[in-house]
């Protein structure tokens, strides 16, 4: 066990490092240019595509994918168990997860419970641990999302998904354990019905909700976590205690991608539906002005911030802080993102220049798993695994 003097030194060193980390080079940098098509040290590689056949029974939909990804899923589930056991070494928490969690969190809506049971069966991972893997994303998703509109009224949507803060640090290669273990699980999915694409999404194999996706020709949506005292833990506790009138945020994204038929319908659902965890829904459409950030607490919408190109608002940027508040000074990705977009100018916005913005530190950081670029109108959806070689901020 660390002595108090050593522990204090480590904590103080970390605080001092963080105080300066996001304010000076090499932790920040000038806006990147010419990073697209992706290459070089910040590009880990492409993300594979798989098809999910929604005509199959829910229990069987994920079998083909999970046969391939079961080994990688077992690695990350074991890491999650190790993190839990580090706090409660007796192993009692994991025993409760395996034995009690399915009963406590039973009656998931729609097809999700059967899908998770099917994943548990094919991977031979206990159902409780599959459920734990699925609810993790109610709490730890830290992201940057952008929607832009060019001079012709054409919309683009980009996002970095950052995940894994405080979930294990590998001192041998200076990376977050969970972040690195999610990269082999990252997949692009083509959800089909009657052999036709219904929607496309990027997710982690084993997770049946969605955080990033689009319905070709109609709308795109990404989810960012919103920090709040009345947060996801409270929502989960209410669910366990029997109050199940709210939706899991990853499941509501999956639901609108599967069932909604327009930008306005999706906007209405994401604005009014009760949810288990506070969130930001970043929604893009297919016409001028159809782009917004919906700031949510668990019961209602607090703000809808929309594109307004006629008055010069040709982009919206959302990280993990309310737009009317200053971001936490140790985690300001909003300011550099807006600065780089302003330097780019509306005339030059494209997949390439959005990728440049999302490749600029600290928008790109040690937590970044992947970058997605979406063009709803053209039906383009590109996902790239990322790296942030040292020197690089931890978040």
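Backbone N, Cα and C atoms are what each Cβ position is placed from, and that goes for glycine too.
According to Swiss-Prot:
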type	residues	note
SIGNAL	1-20	signal peptide
ACT_SITE	143	active site, nucleophile
SITE	162	site 'Important for catalytic activity'
CARBOHYD	195	N-linked glycosylation site
CARBOHYD	259	N-linked glycosylation site
CARBOHYD	286	N-linked glycosylation site
SITE	320	site 'Important for catalytic activity'
SITE	333	site 'Important for catalytic activity'
CARBOHYD	342	N-linked glycosylation site
DISULFID	388-392	disulfide bond
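Positions of Swiss-Prot features highlighted on the structure.
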{"residue": "143", "record": "active site, nucleophile", "DSSP (3 states)": "strand"}
{"residue": "162", "record": "site 'Important for catalytic activity'", "DSSP (3 states)": "strand"}
{"residue": "195", "record": "N-linked glycosylation site", "DSSP (3 states)": "coil"}
{"residue": "259", "record": "N-linked glycosylation site", "DSSP (3 states)": "helix"}
{"residue": "286", "record": "N-linked glycosylation site", "DSSP (3 states)": "coil"}
{"residue": "320", "record": "site 'Important for catalytic activity'", "DSSP (3 states)": "coil"}
{"residue": "333", "record": "site 'Important for catalytic activity'", "DSSP (3 states)": "coil"}
{"residue": "342", "record": "N-linked glycosylation site", "DSSP (3 states)": "helix"}
{"residue": "388", "record": "disulfide bond", "DSSP (3 states)": "coil"}
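Over all protein chains present, the Cβ of residue 388 (disulfide bond) has 22 other Cβ atoms lying within 10 Å. The candidate set comprises the recorded positions 259, 320, 342. Of these, 320 has the most other Cβ atoms within 10 Å. Proximity note: of the listed recorded positions (143, 195, 320, 392), 143, 320 have a CA within 10 Å of the CA of residue 333 (site 'Important for catalytic activity'), given in sequence order. Cβ crowding, taken as the number of other Cβ atoms within 10 Å, peaks at 143 among the recorded positions 143, 392. Taking Cα separation as the measure, residue 320 (site 'Important for catalytic activity') is nearest to 143 of the recorded positions 143, 195, 259, 286, 392. With respect to residue 388 (disulfide bond), the closest of these recorded positions in Cα terms is 162, chosen from 143, 162, 259, 286, 342.
If you measure from the Cα atom of residue 259 (N-linked glycosylation site) to that of residue 195 (N-linked glycosylation site), you get 16 Å.
For the pair residue 342 (N-linked glycosylation site) and residue 286 (N-linked glycosylation site), the Cα-Cα distance reads 23 Å. Across the structure, residue 286 (N-linked glycosylation site) and residue 143 (active site, nucleophile) are spaced 23 Å apart at their Cα atoms. If you check the recorded positions 143, 195, 392 against residue 162 (site 'Important for catalytic activity'), the ones with a Cα inside 10 Å of its Cα are 143.
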